[in-house]
Amino acid sequence: MSADTATAGVASRLAAARVLTAVFDQGRSLKAELAATLPGIGDPRDRALVEAICFAVIRRRPAYEVALRQWLERALPPRDAELKALLMVGFAQLEVLQLPAHAALSATVDACRALGRPRQAGMVNAILRRAQREGFPAVADDAGWPSWLRKQLRADWGDRAEAIFTASAQMAPMWLRVQRSRTDPATYVARLAELDIVAHTDAVLPDAVRLHNAVPVSQLPGFAEGDVSVQDGSAQQVADALTLAPSARVLDACAAPGGKAAHLLERHPGLQLVALDVDARRLERVQQTLQRTVPNALVALQAADAADTDAWWDGRPFDAVLLDAPCSATGVVRRQPDVLLHRRADDIEALCALQARLLDATWRTLRPGGQLLYTTCSLLARENQAQVEAFLQRTPDARAQTLGAQFGHAAGAGRQRFPGEQHCDGFFYALLLKAS
């Protein structure tokens, strides 16, 4: 191993420990911390390592906490948060990533010294060697879930909740969506095979490719040209749920990061799409996505709160509305494991109130006979079937349309897919028709 390689290895472990400290002890978002950290790491392999370590540690944190309580003579004080995170970085390398033990131990111990804690290097080495010998204590699949959320999911779904916890503890696959005007799934799978990337088409999702192992988008042929996008299978089904005329006027009310809007425009190039997002910075992501995939599409982008129609709506009704509402994200814990660290019980009441405002406001913009598709990546009945039922009760000109079993299990007036089903994320769909 060269000196440069060794230095990069230490820097990667340090970077992962610092990201994790920000997530665990400062309440920061994993996505935001990685976005701030990874661009400063030159080698894409090191960037991938930091990301993989962080996800692995957050998923396995309950077991690692138990191990540290058993193996440390005394608990580490709060000032040693980075040191504790570094120990977990070592654990993840050994258990989840299964890196060669000598490399994992050496780089992590050296990272301890680089952290300015040379006196703790012996302790770190001893703890990691014990982990290597003994493995980690078994913990229940729901161990990382807040008690209020465990209770709520069991109340909503009964025995099915255990399968939710088990599936949510797994790593999510990488799904791609091909642009049919450029290629097709079978052809793209063959292109990937030429690069030794194993992938599969899907019998239910006509535009989908699922990778056996995730890869950086820079390794995906045609990504920059718009041949393919990264999008979970559940999100891809949004385009299947809406029936659209060739030149329909469509509102995407909460559009960021833009994948669903792009898919609709790929399917229906003549759409007149208005894409909103309350966050101007996130709307820039939408613009970048659409520029890469459908640069000639008819799209109006507006940084606006969809619930405040006076601020953005010109009074012309829409033929269809997609309301992918802000939610608890409990269906995507596989992809966002830090949701379980940051989500609070009182968040749900605020989210439900926001969802109701968005439903009422966007419904007013829909023409008679038009369709509104309400979706979330939540598993909670309050945000999903109960939210839709309350809307139907207060909205005389709304009725639910039936979606097929390919969208998941019947849940009130909608459909619920659970994490891991069809290899997809947890997702809720409800299709609502406005009376003519």
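Cβ atoms are placed via backbone N, Cα and C, with glycine included.
For ALA256 (S-adenosyl-L-methionine binding site), the same-chain residues 6+ apart in sequence whose C-beta sits under 8 angstroms from its C-beta are ASP277, ASP279, ARG282, LEU283, ARG285, VAL286. According to Swiss-Prot, the feature S-adenosyl-L-methionine binding site maps to CYS254, ALA255, ALA256, PRO257, GLY258, GLY259, LYS260, ASP277, ASP305, ASP324.
According to Swiss-Prot, the feature active site, nucleophile maps to CYS377. When secondary structure is read from DSSP and collapsed to three states, CYS377 (active site, nucleophile) falls in the coil class. When other Cβ atoms within 10 Å of the Cβ of CYS377 (active site, nucleophile) are tallied across all protein chains shown, the result is 27.
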**Complete:** Ordered by sequence, the long-range same-chain Cβ contacts of GLY258 (S-adenosyl-L-methionine binding site) under 8 Å (at least 6 apart) are ALA275, ARG285, VAL286, GLN287, GLN288, THR289, LEU290
**Asked** Roughly how many angstrom lie between the C-alpha atoms of ASP305 (S-adenosyl-L-methionine binding site) and CYS377 (active site, nucleophile)?
**Response** 20
**Asked** With every protein chain in view, how many other Cβ atoms are within 10 Å of the Cβ of LYS260 (S-adenosyl-L-methionine binding site)?
**Response** 26
**Message:** I need the least crowded one of these binding-site residues (CYS254, ASP305), counting other C-beta atoms within 10 angstroms of each C-beta.
**Reply:** ASP305
**Message:** In whole Å, how far does the CA atom of CYS254 (S-adenosyl-L-methionine binding site) lie from that of CYS377 (active site, nucleophile)?
**Reply:** 13
